[in-house]
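Heads up, the thing below is written out as structure tokens.
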Amino acid sequence: MMRMCWLVRQDNQHQRIKLPHLEAVMVGRGPETKIIDKKCSRQQVQLKAECNKGYVKVKQVGVNPTSIDSVIIGKDQEAKLQPGQVLHMVNELYPYIVEFEEEAESPGLETHRKRKRSGNSDSIERDAAQEAESSTGLEPGSDSSQCSVPLNKGKDAPTKKESLGHWSQGLKISMQDPKMQVYKDEQVVVIKDKYPKARYHWLVLPWASVSSLKAVTGEHLELLKHMHTVGEKMIADFAGSSKLRFRLGYHAIPSMSHVHLHVISQDFDSPCLKNKKHWNSFNTEYFLESQAVIEMVQHAGRVSVRDGMPELLKLPLRCHECQQLLPSIPQLKEHLRRHWPK
């Protein structure tokens, strides 16, 4: 019985790639992956399968960002890719998963294969999409316990217009969809986060094309102020009667290409809050306060993000109210109940 590992493109654009045990395999732009995007290096990642341990070591070799579950690995840095996680080759594009199989040869019989997956294919795509932060049709204040997402499969799956991105395209479409809009004016639109990490979780997006915080200049100062004002309006209009505390801010390294302001209640009462990366993205310096961003642009004309931000996502789980350390997400969630308003 021999264990094998395969790299599988989720949109089935090419045949799966074999990753031999402990053998370094370079993957990137080229005929094998059918990736022609020049932002993807020919040697974008180095993959080394640990077949006995059930994961793949991923080293980002290319300049542009490679991510696992929307967390950027970083140039010359390594991360583990496990079954159920999604590797985006570059710039949140070209999604891959890994599959482990046990192969046994029997005389006169075809090779018998058992595929090891973390859940079914639907759950894999659903978890991958969670980091995309696109919108949902839920009404403000409605039950956030439903974290399902309709899936595009087969010929209906988006394979063209790759410049928009596999997941970011969904966000831009949601901005334009009246059913998804909670509020809009001439400058911004507000949509409900598709995978809310708390009872209330909105995204405020400008109509103007601003790719990320790195693209923000002094010319965007009034827009940032307006986005903040609209975020406060959402709290007043839809959560004013609650005693919940809110924060407004941006992820230092967002998973989406279109800049967006998070407006999120501090209860973190949501089944979509599933792992340490989710928690730390909102409860460490990875989450940049909206007012702090405004002040940076006001004084320096740009937003500065310090090095080492991805490492913050790996920090131990710590309660944001009392600073107590918790060993797991379920225990953290149980602990948070004591801090909810009575």
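Just so it is clear, glycine is given a Cβ too, placed from its N, Cα and C backbone atoms.
Residues or ranges marked as region 'Interactions with ADPRT/PARP1 and NCL' in Swiss-Prot: 1-96. Feature annotation from Swiss-Prot assigns domain 'FHA-like' to 24-73. The annotation region 'Disordered' is assigned in Swiss-Prot to 105-167. As annotated by Swiss-Prot, phosphoserine applies to Ser118, Ser123. Residues or ranges marked as compositional bias 'Polar residues' by Swiss-Prot: 132-149. Positions annotated as domain 'HIT' by Swiss-Prot, on the basis of sequence analysis: 168-273. According to Swiss-Prot, the site 'Interaction with DNA substrate' annotation covers Ser174, His251, His262, Lys277, on the basis of similarity to another entry. If you look up Swiss-Prot, you'll see 317-339 marked as zinc finger.
With respect to Cβ neighbours within 10 Å, the recorded sites His251, His262, Lys277 differ, and Lys277 shows the lowest count. Across the region 'Interactions with ADPRT/PARP1 and NCL' (1-96), the model assigns an average pLDDT of 91. When the recorded sites Ser174, His251, Lys277 are compared by Cα distance to His262 (site 'Interaction with DNA substrate'), the shortest distance belongs to His251.
For Lys277 (site 'Interaction with DNA substrate') paired with His251 (site 'Interaction with DNA substrate'), the C-alpha to C-alpha distance reads 12 Å.
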